[in-house]
Structures are given as C-alpha cells and as structure tokens.
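Participant: Here it is, the structure, as structure tokens.
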Amino acid sequence: MIQVLLVTICLAVFPYQGSSIILESGNVNDYEVVYPEKVTALPKGAVQQKYEDAMQYEFKVNGEPVVLYLEKNKELFSENYSETHYSLDGREITTYPSVEDHCYYHGRIQNDADSTASISACNGLKGHFKLRGKTYLIEPLKLPNSEAHAVFKYENVEKEDEAPQMCGVTETNWESDLPIKKTSQLNLPLLEKRCIELVMVADHRMYTKYDGDKTEISSKIYEIANNLNVDYRPMKIRVALIGTEIWSTGNLSKVTLSADETLDSFGEWRERDLLKRKSHDNVQLLTGMIFNEKIEGRAYNKSMCDPKRSVGIVRDHRTRPHLVANRMAHGLGHNLGIHHDGDSCSCGANSCIMSATVSNEPSSRFSDCSLNQYSNDIIYNPWTSYCLYNEPSKTDIVSPPVCGNYYLEVGEDCDCGPPANCQNPCCDATTCKLTPGSQCAEGLCCAQCKFIEEGTVCRVAKGDWNDDHCTGQSGDCPWIGYYG
C-alpha cells in the first residue's frame, strides 16, 4: 500500500456572515466566508503532487469545528476513456486524454457516520458535503487575488421554480408482497459488485448555452459522474465514465419539446451510431431543452443492457451539477428496473432518489424499497444486468490503491472503508488484509469469514434460470449464465 499523503487545510471564518450573494450555485440568502489556508506536511525533499490522493480539511460550520476527509475518486474514469466533438464540416474528432491526475474527490465528515461528500478541487474547493443531516455547499468566491470561499446550506439557495418537477416515467410505482427490510438487514455488501460503463452526451443547445466552452462542459460532466458514484456506492455499483461527447455543430438525434420523442430518437442514434464505435453499457443525454409538462428527465424502464433502450435524457441546470446528478441517478435507476417510491418507502431524508416528484433539494440516498427491489429481484434478471459484470480489472485502474475507500484494489484482500466506519470482522481496516483465521471478507459464498461448503446454492433460480452454487474455494458466487 502507498503512503497516504495527509494535507491539512485550515479554513478561517471571515469576520462576517453574508446575507445575500449571487454565486455559481445561484442566489444564496445566507452564507459564511472562509479562507482556506493549505498546510502540507510533506517529508523534506518530497515532491508534492498536483492533486493528492488523500486530503484532510479542518474548518468550522456555524461555529462548530468539523474535519472533512477526502480521497480521490479513482474509479471515476474507465481505462479507455475518450472525448468526442465535431469539426465545422461535421468530422468526428476523438481524443484519449490522460485522466490519472484528476481533481475529483469523495469524502466524509469525521464522527458523522451518515455523512458524504463530493468535491472538485480543480480551482479551489467546489461541491457539497452532508453534515448532521443537512446538505452544505462550498465554492470559491470569484474575487481578484483572493482565496475566499463561501459555505452555505443548500436550503438557502433560491429555487428556480417552486412548482414540483416530474419524472417522465410512469406506471413504475413500487409494489411487493415481501416485507420491506431495513437497509441494515439487507447485508448489501455481500452483493457482487457491478460496473456501469457510462457515456454522457451534451447536446447542441447545451453547447451554445456554455458559449462553446468544451472544457467547462467536460468539467460539469465530471462533477455529475463523481456524484453518481456516491449515489450508487450503497448498491456496490461503480459508475465509470467511459466517454463524453459534445454535439458541437448540431444535434445528431432529434431534440424537441417532447421528452418521449427526444428519448426515442436518442435511443435510435445510440443503436445506429454510438454502439458501433464505442463499447459502453449506458448513455445519458444532457440537454438545454426545457421539456413540456415540467418533465426533468426521461428513461426507459428495465433497459440497462438493451442496445436501443439503455439510454436516458436529463435537463441540464447550469448552476447545479449535483441536482442534475440526482436526476440522472433517478433515470439510471429506471434503466436498472427500479420503481418509483411508494408512500411506505423511506431513506431517512426528506426525499429519496426514486421519488416520482423531483425535489428541489436533491437526495443522495436510495430508499429501503429501492434497495429491497435491487437485492431481491433486479440482480437475478440476466437481461438487465449481464452487461454490468465486465468491470475493468483491478490492474486497469491506473491510480495508486488507497486502503479505506471501500474499493478492492491491487494488493488488498478486502476494503471495508475507514477504520471508524468498518463493521466487517473479517477485514482489518487499517491494512485491508483479512483478519487472522479469515478466508474471506465478503461474497455470497462467505459466511462468518469462511468459505461456504461446495455445492451450496448461493443464487436461487428465478424462472428458467438455473441455481448457482458455491465452489468451496472462494467467497464469490460464480455466475453460470445459462438456462436449463
């Protein structure tokens, strides 16, 4: 394992709190001004990286000291990530930029087990973190020769439209004859990890809205993808950005006021064009179009591995990439086959990702209903999940491994997160090695840190699909993948 570089940022609160200001996130009614002072504890003679693998921030929120830990999201990009745009004569231009030293991070607040964070450190600190159940945003103030940042609650951002926005997918309300299990009862870490290799496309209206600035558009896409990884981590789904495409000279599929027509045309373009030149699992269209009937997005249901229907469309909100990410997470949920939440569904927040009415305050949580449906039904459907098993191998991840980030990487036996959060007795959170006497730490064929006996059914058949059985040599349940 590498030595994790610890960087301390002291954020000193400015002598006043602002009452109102226009920021990139919108018009903010109440905010704190802080000045990040970076103090780096590097060994003498060591070379500082441009973007460290791990950082620590110490600052105050409402006078309360907090510690924010950040780790680079090393699973943000797939190994063969590409970017495509078009010349004035319509010629496709595709490049394969180096993305190893990127500036997008996940994190958490110390001593707050419920906290999450998604931060860009490209030009100052920009993103959001959750503290004591409240969502806070941080972003740099655009002042000359100043390191000032604003910190504010999401609820203090003036909303663009107080009217409820709707998801365009209908007839997908959650129903089940099975009792709803609490999240803690699902034992979700034992599910096999899957990977959605995702392409994001920015349409021509979005291109003109950003004044043709392809770099800014790409940065927004990276922020959205970074947020998606946070949302899908509880399901053990990695969302890997495998490509971006910007329709710089005009739309390549029909984009109209009708979300249904736009979705259908986009799916046809994917099957006809994109799939023939770029291997991927799902593609999402970011559009500047404001659809009829206050629809914020549209996606096909139970369509993840379908050549035409594994698509979604989402309206772009220029100032709020975290809001766009929330709505894209909702659409991806439908692609996987997850239904809208019913009245009995809960996630411990005001709204959940699969709520039919899109809240102005985004949620980064799936409800107990969504997690139950995923663990009890969706993972057994080969037609909506088979394409998600070809996750890039551990050796394909180009950045160094970090113990404690929940992802199994080269040199690790297990990774149950930071020591303060790890609840797996089979895994030593400080070394990411198995504890003495343990054979495994997770998997459908792992019980009490030991391999389950050979021949034990680990995945019960659904319909004509055969049972899968443990081998007695691994904690993983082999996917046989055939009908009997």
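Sequential numbering from 1, following the chain as shown.
Every residue gets a Cβ built from N, Cα and C, even glycine.
Look at Swiss-Prot and you will find CYS305-CYS387, CYS345-CYS369, CYS347-CYS352, CYS403-CYS422, CYS414-CYS432, CYS416-CYS427, CYS426-CYS449, CYS440-CYS446, CYS445-CYS470, CYS458-CYS477 tagged as disulfide bond. Summarising the annotation, Swiss-Prot assigns domain 'Peptidase M12B' to 194-392 and lists sequence analysis as the type of evidence. According to Swiss-Prot, the domain 'Disintegrin' annotation covers 400-484, on the basis of sequence analysis. Marked as N-linked glycosylation site by Swiss-Prot on the basis of sequence analysis: ASN80, ASN251, ASN301. Annotated signal peptide per Swiss-Prot: 1-20, in sequence order, evidence recorded as sequence analysis.
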Participant: Run through ASN80, ASN301, CYS403, CYS449, CYS470 for me and report the recorded positions whose CA is within 10 Å of the CA of CYS477 (disulfide bond), in sequence order.
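Facilitator: For CYS477 (disulfide bond), the recorded positions whose Cα atoms are within 10 Å come to CYS470.
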Participant: For CYS426 (disulfide bond), find which of the disulfide-bonded residues CYS345, CYS352, CYS387, CYS403, CYS445, CYS458 come within 10 Å, Cα to Cα.
Facilitator: none
Participant: Would you mind splitting the domain 'Disintegrin' (400-484) into helix, strand and coil residue counts from DSSP?
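Facilitator: Its residues divide into 0 helix, 15 strand, 70 coil.
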Participant: Out of CYS387, CYS427, which has the highest number of nearby Cβ atoms, where nearby means within 10 Å of its Cβ, if these are the disulfide-bonded residues?
Facilitator: CYS427
Participant: Taking the domain 'Disintegrin' (400-484) alone, what is its mean pLDDT?
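Facilitator: Reported value for the domain 'Disintegrin' (400-484) is a mean pLDDT of 83.
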Participant: Restricting to the same chain and to sequence separations of six or more, state which residues have a Cβ under 8 Å from that of CYS414 (disulfide bond).
Facilitator: LEU408, ASN424, CYS426, CYS427, CYS432, LYS433, LEU434, ALA441, GLU442
Participant: Let me check the 10 A CB neighbour count of CYS470 (disulfide bond). How many other CB atoms are there?
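Facilitator: There are 24 such Cβ atoms around CYS470 (disulfide bond).
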Participant: List the Cα distance (Å, whole number) between ASN301 (N-linked glycosylation site) and CYS387 (disulfide bond).
Facilitator: 16
Participant: On the three-state reduction of DSSP, what should I expect for ASN80 (N-linked glycosylation site)?
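Facilitator: For ASN80 (N-linked glycosylation site) - judged by DSSP and reduced to three states - the answer is strand.
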Participant: CYS345 (disulfide bond) to CYS470 (disulfide bond): how many Å between their Cα atoms?
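Facilitator: Taking the Cα atoms only, CYS345 (disulfide bond) lies 33 Å from CYS470 (disulfide bond).
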